[in-house]
Structures are given as C-alpha cells and as structure tokens.
Amino acid sequence: MERLRQIASQATAASAAPARPAHPLDPLSTAEIKAATNTVKSYFAGKKISFNTVTLREPARKAYIQWKEQGGPLPPRLAYYVILEAGKPGVKEGLVDLASLSVIETRALETVQPILTVEDLCSTEEVIRNDPAVIEQCVLSGIPANEMHKVYCDPWTIGYDERWGTGKRLQQALVYYRSDEDDSQYSHPLDFCPIVDTEEKKVIFIDIPNRRRKVSKHKHANFYPKHMIEKVGAMRPEAPPINVTQPEGVSFKMTGNVMEWSNFKFHIGFNYREGIVLSDVSYNDHGNVRPIFHRISLSEMIVPYGSPEFPHQRKHALDIGEYGAGYMTNPLSLGCDCKGVIHYLDAHFSDRAGDPITVKNAVCIHEEDDGLLFKHSDFRDNFATSLVTRATKLVVSQIFTAANYEYCLYWVFMQDGAIRLDIRLTGILNTYILGDDEEAGPWGTRVYPNVNAHNHQHLFSLRIDPRIDGDGNSAAACDAKSSPYPLGSPENMYGNAFYSEKTTFKTVKDSLTNYESATGRSWDIFNPNKVNPYSGKPPSYKLVSTQCPPLLAKEGSLVAKRAPWASHSVNVVPYKDNRLYPSGDHVPQWSGDGVRGMREWIGDGSENIDNTDILFFHTFGITHFPAPEDFPLMPAEPITLMLRPRHFFTENPGLDIQPSYAMTTSEAKRAVHKETKDKTSRLAFEGSCCGK
C-alpha cells in the first residue's frame with residue numbers, strides 16, 4: 001500500500017505546479033487549493049477522505065525576514081491540510097509542497113476533532129427534522145408533527161461533554177420554531193437539545209430538562225421592514241443620503257495583497273481561522289523604513305454564558321477555534337457593509353470534496369474621514385492664527401456570523417501612526433425558553449414573553465508579533481502613580497506630583513497582568529536597543545485598551561480550562577513559529593485538560609522575554625447583561641483598542657499632512673485671505689460655509 005501511495009504521489013508531482021503568487025504571504029489561490037487537494041487525494045489513494053482545512057502554511061518568521069531584508073531565498077510554498085478518514089478516529093494533518101506537488105509531512109491525531117465548517121453546520125437542520133425522537137419532543141412542546149419544516153436549529157459545537165469526549169464529532173442543536181419562514185426563531189426557543197453526530201448525520205441523544213416548557217404562543221418578535229410596518233404603522237421617514245465621494249480616487253495603493261497608505265506598508269492576508277491577518281507592518285519615516293509588527297491577528301475568542309443549569313454550561317463557543325472567523329465570513333455588499341470608494345479582496349477555501357470555494361468581497365478596504373487630526377488657534381489675534389488638519393483613516397474590515405451573532409472587525413490605520421482595532425457586536429441574542437410562571441434572574445433577562453437571554457461575555461485574544469524598530473523587543477506595564485513622597489516633603493512640597501511607573505517584564509510570569517482602571521494601566525511594547533534622541537526613551541508602541549473584563553467563570557471550570565489565555569489581560573511568551581492559537585491547534589471537544597496552548601507556552605513562567613523575539617497576547621472584550629433594547633435585533637455594541645506610537649517619532653508624524661486651513665501670525669497681521677480646501681461643506685439651513 002505504501003508503494004502505491006508513493007507511485008500516486010509521484011504521478012501527481014509529474015503534473016504542472018500551480019502558478020506561485022507574487023508574495024510569499026498571499027493566501028492560497030484556487031489553483032493552489034485544487035493542486036493541494038489532488039496531491040492529498042493521490043497520497044491517500046484508496047481511502048475515503050474528506051477535507052476540513054486547506055490553507056497556507058506561512059513561512060517561518062526567520063525565513064521570511066531573510067528573504068525580505070537580507071536577500072535570502074524565497075521561502076517554500078506550503079499548504080497545510082486537515083482531513084477526516086471515514087471510520088477512523090480524529091484527524092490527519094500535514095503539509096503539501098506546492099512546487100513539487102508532494103506530501104512532505106503527515107501525522108494522525110486520534111484524540112482531537114477539527115473545526116466545524118459551513119458544510120458541517122448546514123446538514124444539521126435536516127438531520128433533526130427527520131429524527132423520530134426529535135419529532136416526538138417537538139410534539140410534546142406543542143408543535144404538530146406535520147410542521148417539522150418550521151423547526152430550525154443553530155448548530156453549535158458541543159464544547160466538551162464527558163459522556164462522549166472526543167470519540168465522535170458532535171454538535172449540539174439549539175432548537176427553535178418559526179410559524180412563518182420570515183419569522184425570527186429566537187423569540188420561540190424550545191427546551192430540549194439534540195446531540196448530532198456530524199459524520200454519521202444522526203441524532204445520538206437528546207438532552208431534556210427536568211421541567212418541561214411548551215413553545216410560546218406569543219407572536220414572533222420580528223424586525224424586517226414589513227414586520228415593523230405591522231407593529232408601528234410605518235417606518236421613519238428616510239433621512240437624506242450622506243454620500244461619501246472621492247472624485248480624485250483613493251489615496252491607497254494595492255499591489256496584490258500589499259497595501260501602501262500614508263507612510264504605512266503592510267500585507268493583508270486572510271485564512272479560514274483568523275480571518276484578516278496583517279503582516280510585515282512598517283512605517284516610512286522620511287525615507288527610513290521602520291518595521292513595527294511582523295504579524296497581528298485575532299487568534300481566539302470565547303463567549304461563555306452564565307447560566308449554571310444543565311446543559312447551558314456547554315454554551316461557551318470559542319468561535320475562532322471552533323468555527324473560524326474566515327470560514328464564517330460574510331460576502332460584503334457595496335454601500336451597506338462598506339460605504340464609499342471600496343476595494344475588495346476575495347477569500348478562497350476548500351470544500352469537503354477538495355474543490356475550491358470562493359467568498360466574494362470577504363475583505364473591504366476603504367478610507368473614511370476621521371474628524372480632526374489636530375488643531376491650534378491663537379487667542380491673541382482673536383483666533384485668526386490657526387492650523388486645522390482633518391484626519392483620514394484607512395479601514396480594513398470583515399464581518400463574520402457565528403450562529404446568532406455578527407462580529408464586525410475593523411482594522412484602522414491612522415495618520416498619526418496609530419493602529420486601532422474596532423469591533424462591533426450585533427446580530428441576535430442567544431435565547432432560551434421561559435415558562436409562563438418563571439423568572440429569568442439572576443442568570444439572564446426576560447427580553448420578550450417566554451424568552452430568557454442569558455448573561456454572557458465576549459472575550460477576544462489579540463496576538464501581536466512585534467518588531468518595533470527591528471528584532472529584540474520587550475514589554476512593560478505602565479501605571480499612573482501618585483508621588484510616594486508626602487505632601488510638604490522637599491520632593492513633593494505641594495502634593496501634586498505624579499508619574500508613570502513602567503515595569504519591564506523580565507520573565508513570562510512577570511507579564512501575566514490584568515488591566516487596572518485605578519492606575520489607567522497600559523502596556524508598552526518596545527525596543528530596548530534603540531533610544532529616542534529627544535526623550536531618551538526606547539521607541540515603543542503602547543497598547544491602550546480599557547475594555548478588559550475578567551473571565552467570570554471560576555478557576556478550574558470547563559470554561560477557564562478551555563481558555564487558558566483568558567485569565568489575564570496580557571500574556572507574553574517567547575516567540576516560536578507554531579505558537580499561533582492559545583487554546584491549541586484543534587479546539588472542538590477539547591476538555592481543557594493537559595498542557596497545550598497558552599498553558600504550555602507559559603510553563604513554569606521562568607523563560608526570558610526581555611530583549612528577545614516575543615509574542616504578546618492581549619485579552620479584551622465585554623460582559624453583556626441583556627436588556628429588551630437588545631432584542632429582537634441587537635444594536636451594534638462597540639469595543640475598541642489602540643496601538644499608538646510613543647517615543648517612536650521625534651515629533652507628531654502627521655504634521656506633513658496637508659492642512660484643511662493654515663494661517664500664520666504674520667499672515668494674519670497682513671490680513672492675507674485664505675480659503676479652506678473643503679468646497680463641499682455648507683450651512684444646513686442657509687447660504688454656504690464661511691471661509692474659515
């Protein structure tokens with residue numbers, strides 16, 4: 001059999017290799033995906049396999065930098081695959097060399113389960129609708145057996161359930177009822193939960209609560225315009241349009257996936273798991289191209305729910321590791337999801353059969369006005385002396401849907417050298433049925449008759465691979481502190497002294513820190529080998545992030561064990577190429593036991609992280625206590641954080657941006673007439689805008 005595999009692999013290699021993209025970090029093309037899957041099929045000839053993942057195995061950091069900065073060889077083009085083999089436990093994973101079209105690495109992992117794909121989820125609804133035991137439970141809930149086409153489910157990863165462990169590839173089906181296909185099912189949840197074997201496509205068990213609850217008889221809580229007209233009589237009058245125009249075109253330049261904008265240059269990648277990946281981020285500082293970050297992405301997230309009742313403890317989706325921000329990404333619509341002058345990037349994946357599939361317009365790139373960049377006026381001449389510069393920001397965005405929730409991710413580049421991540425949470429609350437005489441509290445809120453929306457958290461892990469002014473970086477916590485010297489002392493005579501206390505992390509254990517609102521804690525990532533000529537301090541990028549709620553699940557709980565990164569706002573570990581995912585490579589149905597992911601990387605906490613290549617992981621998010629205003633469709637809830645330069649430049653890097661208006665004191669004295677660059681703004685109710 002091994003000889004047959006070798007022959008098949010050699011036959012595949014004899015065919016032409018797919019064209020190689022211009023940049024080694026570019027995602028796999030459809031031709032590369034097909035070539036990779038054909039190679040894997042040939043290698044496993046005679047076996048019944050299906051594909052779960054086919055994606056780029058990014059070049060090693062060192063190899064990439066040698067190619068980019070030192071004239072080294074082009075890194076090999078590799079595809080990473082995960083497959084399932086019928087009748088075999090776990091997965092097989094490996095690498096395909098796309099130049100030789102050969103499998104160069106493969107291994108079997110029998111005690112893990114792979115990420116859930118859209119194909120996996122789409123089959124679940126039909127499985128439960130046709131299962132006799134589910135039909136019986138629907139009838140007991142008050143739904144006629146001939147209305148199973150009105151029963152819907154959100155297929156969730158099961159998280160972990162000790163009854164089955166990792167032996168079967170499972171989903172839990174959260175079940176709902178629609179009286180009409182346009183209804184929102186979330187106002188009519190059912191009280192039982194089928195467990196579905198994804199590969200066998202059958203229900204293997206149904207979790208049934210001790211107390212039974214009939215399906216709600218209340219009208220569905222719907223939200224489309226036709227429903228709102230029925231509710232309130234009419235929609236609001238349509239507001240006059242606010243048009244975004246750029247008659248002279250955009251100011252960014254795209255070369256393949258490489259972006260150049262306002263002195264920034266970086267590569268935009270996209271994969272099945274993290275979605276958008278920003279790599280090789282640099283800044284052209286008046287001719288000196290300075291590296292900032294080697295790679296930035298969202299590496300994991302968890303949404304733990306707060307009801308202690310069985311089986312709600314299983315509701316703690318690690319959406320990035322269990323579904324994939326890439327797999328679940330939306331095709332974006334011009335003028336709706338993104339507004340203005342837009343450039344899109346598509347995303348390419350493999351289906352179970354090994355054929356390429358494309359999500360059109362997966363990534364949106366555009367510019368927006370961002371208000372004032374800076375302004376100063378002089379009161380001495382009645383504010384005639386004035387400098388006003390407006391800001392433009394570059395936004396790289398995607399939106400992905402994880403069952404009921406939408407996650408809108410916006411990577412924002414700013415003209416003062418800062419990089420911001422804005423996340424907007426919207427979509428629909430996950431709901432569970434309330435009996436007529438039941439109270440929701442304290443673990444949830446009654447947001448509609450018979451509807452309980454449970455308390456929950458959204459916690460994200462931001463992975464930062466820094467290269468602040470080159471290799472050899474460090475990290476520190478920065479806290480605002482009052483002077484230790486007492487009022488009236490020579491060092492603090494008037495009692496008003498305060499300062500920034502910077503604590504550099506020497507070891508991994510030092511870095512395990514949490515946000516402190518009392519001290520306005522921020523974190524610096526810096527290069528200790530360089531010095532700002534003015535401040536005498538090392539060039540750094542400061543992480544400013546104040547939305548850092550603690551993980552509320554108890555230490556030792558299933559939630560805490562499966563998210564070993566979420567117990568601290570910051571975890572800094574030594575760099576290794578394979579340290580990508582802080583809950584491990586294969587997250588579904590992991591019990592949280594054992595040493596893997598962040599738990600493995602932290603170890604005993606003694607490793608050095610000062611003046612070396614480091615990985616900086618940041619946990620942030622929100623705690624959500626639902627309210628009726630969040631239902632039936634939730635207004636977008638914002639989360640934001642910023643990476644801003646500190647001691648990186650010698651002055652405000654945005655001063656060379658063309659101002660909107662500039663009048664010096666000497667010009668004001670000579671009564672020089674100047675007009676603003678903006679010729680489109682006008683007064684709302686009369687005339688045109690003034691000259692200033």
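Positions of Cβ are set from backbone N, Cα and C atoms, glycine also.
Tyr405 is the residue among Tyr81, Tyr405, Tyr410 that Swiss-Prot labels 2',4',5'-topaquinone. The Cu cation site recorded in Swiss-Prot includes His456, His458, and the single candidate from His267, His286, His624 that the record places there is His624. Here Swiss-Prot annotates a disulfide bond for Cys338; of Cys336, Cys364, the partner residue is Cys364. Within the set 1-26, 131-156, the record from Swiss-Prot flags 1-26 under the feature region 'Disordered'. Remark: Cys338 (disulfide bond) has Leu332, Cys364, His366, Ser397 as non-local neighbours, by Cβ distance under 8 Å and separation of at least 6 in sequence. Rounded to a whole number, the distance between the Cα atoms of Asp613 (Mn(2+) binding site) and Ala402 (substrate binding site) is 34 Å. One way to see the shell of the Mn(2+) site is to take the Cβ centroid of Asp465, Asp613, Ile614; the remaining same-chain residues with a Cβ within 8 Å of it are Arg61, His294, Pro466, Arg467, Asn473, Pro574, Tyr575, Thr612, Leu615, Phe616. The Cβ neighbour count for Asp613 (Mn(2+) binding site), using a 10 Å radius over every protein chain in view, is 17. Around Asp319 (active site, proton acceptor), the same-chain residues at least 6 positions away in sequence with a Cβ under 8 Å from its Cβ are Met301, Ile302, Val303, Ala325, Met328, Ala402, Tyr407. Under the three-state DSSP scheme, Asp319 (active site, proton acceptor) falls in the helix class. Neighbour count (other Cβ atoms within 10 Å of the Cβ, all protein chains): 21 for Ala402 (substrate binding site).
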